[in-house]
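The substrate binding site feature in TrEMBL is assigned to 18, 19, 20, 33, 76. As annotated by TrEMBL, domain 'Radical SAM core' applies to 24-218. The [4Fe-4S] cluster binding site feature in TrEMBL is assigned to 37, 41, 44. The S-adenosyl-L-methionine binding site annotation in TrEMBL covers 43, 44, 45, 78. Annotation comment: TrEMBL describes 46 as Mg(2+) binding site.
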Ligand code: SF4
């Protein structure tokens, strides 16, 4: 019998790597990369996930995740929440006992995400060219279990992000991550600015890029 469409998701890749970002950085992690994204950030490094992919049943995804034998799972994209059934996948992964994180653009509603999931929510800066997509109604929903991430392209982005953190009191709600946009901003400049301003944010480099560069599936 054919699997009901409600149980399937469009998937670009599933792979085992080291978590390169956010609170779970360094943990061996299975990445489930869903296909599709309604945004077009100018620095996007996963454009290969915009199109294509294959339909996978949720049970098959769970079996593939289990095959890798690690505790951490990251559902990413593209923009994973662009597929409504992503919510069901997240719930199923939590039910199976994994430490689950979700990487999302911040442009879609996070209210329906299982509360056991650690949500890593981007706030798109002016330099991304997608700032108008930020869904600010997500901010009051954030808890200490979540994180907000800014990818900073230049000094103007930094000042914008600094103002957003203060205006929305984000640092009192959850961890705030500032990352330099690769090849656009020298990491040391960003670190120096954060230190000079004593900002209550975490500087981060994408560890997987230090290790493997831009190789897909890493
Ligand atoms: S939201 Fe993420 S996947 Fe989508 S265009 Fe921006 S960086 Fe790329």
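For all residues, glycine too, the Cβ spot is worked out from N, Cα and C.
Automated prediction, rather than curation, is the source of TrEMBL annotations.
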| query | residue 33 (substrate binding site) to residue 78 (S-adenosyl-L-methionine binding site): how many Å between their Cα atoms? | reply | 7
| said: Restricting to the chain of residue 41 ([4Fe-4S] cluster binding site) and a gap of 6 or more, list residues whose Cβ falls under 8 Å of its Cβ, or answer none. | reply: 105, 124, 128, 129, 130, 151
| task | Let me know the DSSP-derived helix, strand or coil state of residue 44 ([4Fe-4S] cluster binding site), please. | result | coil
| note | Across the domain 'Radical SAM core' (24-218), the model's average pLDDT, rounded to a whole number, is 96
| remark: Candidates 18, 20, 45, 46 (binding-site residues); nearest Cα to residue 37 ([4Fe-4S] cluster binding site) turns out to be 46
| request: Starting from the substrate site formed by 18, 19, 20, 33, 76, give every other residue of that chain whose CB sits within 8 Å of the mean position of their CB atoms, in sequence order. | output: 17, 21, 29, 31, 74, 103, 208
| message | What whole-number value in Å do you get for the largest C-alpha pair distance within 43, 44, 45, 78, the residues recorded as binding S-adenosyl-L-methionine? | response | 13
| request: Report the member of 20, 78 (the binding-site residues) whose C-beta atom has the most other C-beta atoms within 10 angstroms. | output: 78
| note | Should one count Cβ atoms within 10 Å of each candidate's Cβ, the binding-site residues 45, 46 would be headed by 46
| remark: In chain order, residues whose C-beta lies under 8 angstroms from the C-beta of residue 43 (S-adenosyl-L-methionine binding site), counting only those at least six residues away in the same chain, are 127, 128, 151, 153, 181, 182, 184
| Remaining residues near the recorded [4Fe-4S] cluster site, that is with C-beta within 8 Å of the centroid of the site residues 37, 41, 44 | 39, 40, 43, 46, 47, 50, 78, 79, 105, 130
| said: Taking only same-chain residues 6+ apart in sequence, whose CB is under 8 Å from that of residue 18 (substrate binding site), what do you get? | reply: 26, 27, 28, 29, 207, 208, 211
| request: Please classify the secondary structure at residue 20 (substrate binding site) using three-state DSSP. | output: coil
| said: Within a 10 Å radius of its Cβ, which of these binding-site residues (37, 44) has the fewest neighbouring Cβ atoms? | reply: 44
